[in-house]
Structures are given as structure tokens and as C-alpha cells.
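These notes are about the structure you will find just below.
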Amino acid sequence: MLGYGDWTSTLQARTGLAKKNPPRRIRGARAAGKSELLKQLQARTAPDTVKQLREKGHLKSPQDFTALITALGNVFEWRHALAAFEEMRDRGLQPGVFGYGSLSRAFGRRRQWERALQLLEESKDEITADAALYSSVMKACEEDSDRVLSLFKEMQQGIEPDMQSFGIAISSCCQQQNWQQALGLLLQARDRGLQPNAITVSSVMKSLTPEHWARALLLWQDFGEAELQKDAISFTTAIQACASAKLWRFAVNLLEEMHREDLNPGAIPTSVAISACGQVNEWEVALELFRSVRESREALDAVLYNSAVQSCGEGGKWQAAVRLFEEMKEASLVSEKGFSALITALGKSKKWQKALGALESMEPKNVIGFGSAAFAMSMAKKWPHALALLQGLLATDLQPDTIFYNSAISAAERSGKWKVAVALLEDMKAREAAPDVETYAAIIQACVSKKKWQIGLLLMDDMLVEQLEPDTQTLGLLLSECEQHGASESGILKGLADGKSGARSRKQPVPEAEDLDEEEVYEEEEPRATAAGFKPIPMTSSMNARRVKGRAVPGHTPGQLKPLGDDFRPPAPRRPRSGIRVRAGQPYAKELRLLQRVVEEVPPGDPVAICEAIESFGDEVLVRGKAKLWLKIAGGIKTEVLTRAVRGGPLTCGDLQCSVLEVGAYCGYSSTRMALALPGVHIASLEVDPVHVVIARNVVLHGGLSGTIDVWTGHSKDLLPRIMHRYGGDLKFGAVFMDQKGTRYSEDMMKMESEGLLHPGAVVVADNVLKPGAPLFLYQIMNGGRYHAQIASMDEFAMPSEDWMSINVQRREAPDNETDAPEDLYQLAKETDRMRERAVGPGRSVTYEEWGEFAQEVKNRLAAANVTLTLDLRPESSRQRDDLFGAKSR
Ligand SMILES: C[S@@+](CC[C@H](N)C(=O)[O-])C[C@H]1O[C@@H](n2cnc3c(N)ncnc32)[C@H](O)[C@@H]1O
């Protein structure tokens, strides 16, 4: 039998009412009484216990009652707890804040929210409620998140919330999928020195949608720093965030950490990590992960197989995908998703017949299977088969969905059938499958590629009616057409400048790793800075085009470049700040910040200062920024090589003035550098990304060079055949700077030659031919005989790594020894594209070491094809620097 001292002190300890330093004797007694009391206070025996306590005179003080109410609440006996509370009052004892708190906790445990609320109201006449009381009332109301949040608000008016009340409020925000508020409260709690527990942090992480992976990872960091107990759920959430961010290494590391912590990752986190690897073409790692799970587990889940099949598909390993599918079949694990993964994998490798075969064997068929097959038809450009699939699908009871139609439309687009694409749009609307951004993007692309750009514009209007916001690529495409046809592009520019619609690519790239810049990540309510904040300037290209066209000789546009002496520096008045904050993680944040830096810190008309500001910005984001972002400009020694090379081109030949062509304007840095090096020479710069176009034009305008540099919107393959016409038909380029994707260099160069764009003796400079590389271009230019070709090695801008530039001077009498490149260089070209994708894609998962290894690989394979360095301009080999332009003068 328990003595009074035993049970009351035990309850006091449980409820936190124990005196801070109880005498030794009582502490021992309390420990002994605790288990006894718990044993007795089962729901079933509660009335007897209460009776005994009463009879033995152990219920005297408010503390006695409070402890009893708490114990009853713990065993979910809210009715007995209420009776005890009333007895306490009947005996004239004041329940006090603890008494009210313990009863409301008892109510909370049984979700008696109305009673809890009523109690809170009653308490206001007697006591000043505290955070614990509010917490227990909030807990009682947990199923009604609005009520919880309004209680939390009410409480904050006079009471400092504790971690428990923060936790309940945060969980309510998560229920409402209001991650912003949840995150805000979590940070408020942390700022007040409160320590959130693992459940609270991981619930906020889970509430974040995939595009907010950076925030999720930041919270994961908090976990680490606060040494909170990470559980399987928080690990899984973090792995999912990594997968969204394409941070496959992180995902794999976390999976390993889960193993080390004995958290026994189940199928879900493992399959997410496998998919994360597959997505970025790391299919070997994905398969390795899959194999390691296969070895360690007796049975594998379908979800693991599906992600492995998918990853094989991404890597073009369709045979491996088929093998895995067969295994899956043997283990009776094939589901609809399994079929879909296999058909998609076959589609990625253009194995359309096999994909149709797989669909044939699928029983029962569903719309996902048909959709995957339509995707395979799109990859193989088999639009009639896609239509046949639609017929097949309609012949069943199934209804085609948006995904199915998108694949069928993409098949039509890839086959150049714009009318079929438009007809499919009509059909899908008639069948109430909602078109989305991807649907319209494919149809507009189909129309534009068949010179039906006006229909493209109508479709864009249609999109707006459907309340869909066109993606950046589509806007860029239409912008380019309007620019070329002299149509008004204001609607499209407005679309681009609009923070909601513009600046998101079709693939919705996730925010950059810069998001991990903590302070900014959390400030969701900041005003959005967008291209609009910088007031996109009107088109200047057509203006220069007209002016150039109106002159007998192209180039030599007067421009607005001030005659600057070497030592000239305009006074630097303090420039008003826009007050606009570019949020980390918003699309194009880095480029918008660059523009902001230029506009706010450099006086107008000072292109030298603009270039310096851009370079120092480049240093800052790479060296000092947390995210170590690389600004992809031809800065540092590359500028020197470029400007000295282009200066040697035939830009002045008797009466003739030639222009300079650049492919890849980006933010206008290298075109500004070239304008400075070649005063009075006209420069045409092509840029495929419309946001980069807007930024580059603003930089050029700010530098006073808009009369000198034209930035044209569009892809080089579309613009090169048009550019001569835009300048009146007799334009020649005396120098070219190619700074687009390395695997396009050969094709673009051939186009320039076939369109007669190059003046004899033209200088062609190509950047990044080692990192990530342009193996086919290098092979052809070094072996073709039509150019004096040099390959120079130098330091990459703001990076401790080597890169090569290719500097070529067209021979006046050009022998053509064109030989086809070795097979391995075609393979290497694919690998360079893959590397580039990884490097510029979200998450940028290429380390310096990997770059170094890859560059060495490129060097070795080029050397095997007899393509080697001819000039070494790295600091340690400066002896060759002066030789740089020897080839050109020969
Ligand atoms: C490395 S950045 C150019 C940097 C710039 N030349 C400088 O040094 O300041 C490459 C740019 O080329 C653009 N681009 C890539 N492929 C292109 C293409 N085929 N046609 C036009 N622009 C392209 C990209 O959007 C990007 O802005």
C-alpha cells in the first residue's frame, strides 16, 4: 500500500510540480512510489484508488488534487479528473493555474475540445492562464487547426509561448499545408531560445513541397547542429529533398548514414535515393545501390525494382531495364507502375516496337501504360502510332489524360506535324483533359518550327485564357519570332517580366543551392524582385538592324559609347538603391543580382566599371557565397585571349567594316569587353534564354553600348540563317566568339560557313573546349585544314582549374581535308553534354575534383585522336603567352 508521501511526490514529479531540490529521503520515496501508483491508476481501478485516497485523508491540498487529476488524465479518465476537480472546488480549494492545466490536459487527451475551451474561459475569472494551460487547450483542439492557431494568437497577446505550444501550432500549420507559417513559427521559436524537438522539425520538413528542397536541407542542418534525434521519417524527408534538388550524392550519403544509425532504411528512402541517381544519369550508382539492397534483403519491394528500372531507362540501358523487369515478374512484383517504368525505359532508348510489345502484354492496361507508350512514340517520332494508341485507348473504357495527350502532341511536334498537334489540343479539350503548360509549349514549338508563329501567338493568348502561364522557353521562342518579324513583343516581354509567369523553365528547375543562404531562405515575405523590377528595356536589336541596314556598309554604328580615355573615370555619384531584394532561390537569382549590382553600383556609361563589377560579383558568389556559385563568363585571362584574338580579325579591310558575332550573350559581359577592345565595331550577340537577353540588354544599355551591341533572342540554329537578312543582306563577320554549348560548335560553324557569314580570314574563338569540352569541334578544326588552329590552355575565370580556348584564323585559300572524327570522340561529346547538364543543373553536383578528373579524361581521349594543346598560357607556363597570336599573323 502506498503512503501519501509516495504517490503525491511521484505525481508532483510527473507534473513538474516537485520542488527543485527535494530532500534526499523524499526523492528515494518518490522513485519507489511511482511504479506502484502507475500500477494502481489504471483506468479500470481509478474509482477505487480515488476512493482509497479520499478515505485515507490523502486529498487535502490543491497539489494533492492536481496530482490526482494529472494521473487520471494520463490514463484517459477525463470524467474522473473532472469529478476530482469539482470536488476540489467544492471543498473550497483553489485549483490555481496547475489545477486548470492538469484538467485541460485530461480533456486534451480525449479531444474534449469544447470542455477544454469552456474551462479556459472559466479560468479567466480566477487565474492568469499560462503557456502550459494554453498548450493543453490547444492540444485538445488539435483536430481543428484554425482553432489551434487562433488560440495561439490569443495566447501571444500576453503570454510567452513555450516550445510545446509552438509545436502544436506548427503541427496545425503543417496540417493546413501552410509550410511558410510553419517555418516562420519554427524560426520564431528558435529565435526565442527554444529548442524544437525532432518531431516538430521533421513535420516542417515534410510539409515543404519538393521545390523547396533547399529549405528542407537547411532544416536538416539544424537537426545536425542541435543534435536532435533523427528518425527514419526525418531521414526519408531529407533524402526526398535531396532527390528534388538532384543532389544525388547527398541522398546516397544520407542513406548510408541511416544504415550507420541502425535506422534500417525501408524501400521508400532507398528507392528515392535510387531515383535521385537515375535522374541525373548516374545509373551505375543507382544500380549499385539496388544491388547492395538486393544482397542485404531477402525480398525486394516493387518500389525498389521500379526505381531501378527507371534509372536504367534514364541511362539508356534498356537491356538492363528488361532484365530487372523479368526478375520482377518472377518475383510476382510487377504492378502497373512496373510496366510503366519498363515502357518508359524502352521509350528513352527509342525502342518503340518493344515498348508497344510491353504494353500489349500489360493486363489489365491502364491509362498510365498507354501514356508511357505514347511517350515512347514521341521519342521515336512515330506520330501515327501515337494516334493509333489514342484510338486503342478510346476503344477501352479508359479516358485519355493530360499526360497521354502531352506525349501524343510531343510525337506530332517532333515529327513536324503542327496541324496534328493543334487537332490533338482540340480533341483533348473536347474530352475534358485539361491542357497544361507543357501541352501548349509543345504545340507552340510545332507551329513555330513550321513558320506558323502567328498561330503560336494565338495559342499563347489561349493559354492565358486558360489561366496558364507560358514557360520561359516558349516566351523566348515567340519573342524571337516577333523580333524577327518586327511584330510587337510587348505582351511577351510583359509575360517575362511578370514574376508569376516568367522566369520558370518548362522543367521547373528547382531553386539553386544558393538557397542554403539561411537568412534569405526564410524570408518568404520579401517583395519579389523580378526582371520587372529592373524595367526591361524595349528591343534595341531591330533599331540597330535598321540603322545598319540603312548604311552602305554594315557595322560602324555610332553607338552611345563615350570617348573614354584610359584614365577616364566618371564621377561616381551615390546611386539610389532600388530597395528590391532578389530572393535566393527565385529563378535567375544570380543573374538578377548581377544586374542589380551593375545598375545600382556603377554609374551609367562606364562599361569598364561594369565589367569590373561583374568580375568582382563573380568572385564573390564563388569564393564568399555559401553556395559557391560559378558565374559562367569569359573573365580573367580568357578576356585577354578573347579580345586580343578578335582584334586581329578583318574588322577593317579597306572600305569594309565587318561585325563581330557572339553566340551566348549571357549577361553581356564578354560582348561589353569586346566592344571596349574594338571601339566602333558593331557586335551581334545571340542568346537563347529570354531572361538572359533582358539582363544582357540592360547591362549593355547601362554601359552606353546599346548602339553598338545587338542582343538577339533565339537559338543559334534558328538565328544564324536569318541574321544576314536582318542586317540587309550583306553582312560579314570578321570575328566570332562561340560560347554556347560545346557540342553545337561544329554545327553552328558549318552554318556560318554555308550561309557565307564569315569574311575570309575571320577569327573564330571558342571557349570551354576542355571543360566540359567540344571534342568533335576540336578534331574537325585541327584536322580540317581550313583554319590556322590553336588550342590554348589557361586558368578558368575565378576557379582553380584549367580550361582550353580554341583560337582559329580562317585561311584565305582553304584546303578541305575534312575527315570524320573517331567514334570515341562522338561518345566523348555525349559525355561532355552529360557533364555540362550536371554542372549547370540545379544542385550543381560536380566537384572540383570531378572536373579535374573529367578534364584529364577529355585530354587523354583527345590526345588519342592527335588533338593536343598548342599554347600553354597558365601562370606556371607563361613563356608561351607571347606566342599566342603568332598563328594569326602568319
Ligand atoms: C557561358 S554563357 C556565355 C557567357 C558570355 N559569353 C560571357 O562570357 O559573358 C553561355 C550562354 O549561351 C546561351 N546559349 C546556349 N546555347 C545557345 C545557343 N545555341 N544559341 C544562343 N545562345 C545559347 C546560354 O543561355 C548562356 O546564356
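Placed from the backbone N, Cα and C atoms, the Cβ positions cover glycine too.
Heads up, TrEMBL stuff is auto-annotated, nobody curated it.
Residues or ranges marked as compositional bias 'Acidic residues' by TrEMBL: 512-526.
The annotation region 'Disordered' is assigned in TrEMBL to 492-579.
The repeat 'PPR' annotation in TrEMBL covers 61-95 (among others).
Summarising the annotation, TrEMBL assigns repeat 'PPR' to 162-196 (among others). Sequence-distant neighbours of the repeat 'PPR' (162-196) (same chain, 6+ residues past either end, Cβ-Cβ under 8 Å): 131-132, 134-135, 138-139, 142, 145, 148-149, 152, 155, 203-204, 206-209, 212, 215, 219, 222, 226, 228, 522, 524.
Residues annotated as repeat 'PPR' in TrEMBL: 231-265 (among others).
For the repeat 'PPR' (301-335), the residues of the chain that approach it from at least six positions outside its boundaries are 267-268, 270-272, 274-275, 277-279, 281, 283-284, 286-287, 290, 293, 341-342, 344-349, 351, 354, judged by C-beta separation under 8 angstroms. Summarising the annotation, TrEMBL assigns repeat 'PPR' to 301-335 (among others).
Secondary structure of the repeat 'PPR' (401-435) per DSSP, as helix, strand and coil residue counts: 26 helix, 0 strand, 9 coil. The annotation repeat 'PPR' is assigned in TrEMBL to 401-435 (among others).
Sorting the repeat 'PPR' (436-470) by DSSP state (H, G, I as helix; E, B as strand; all else coil) yields 26 helix, 0 strand, 9 coil. Per TrEMBL, repeat 'PPR' is recorded for 436-470 (among others).
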What DSSP reports for the repeat 'PPR' (162-196) is 26 helix, 0 strand, 9 coil
Taking DSSP helix as H, G and I and strand as E and B, the repeat 'PPR' (231-265) has 26 helix, 0 strand, 9 coil
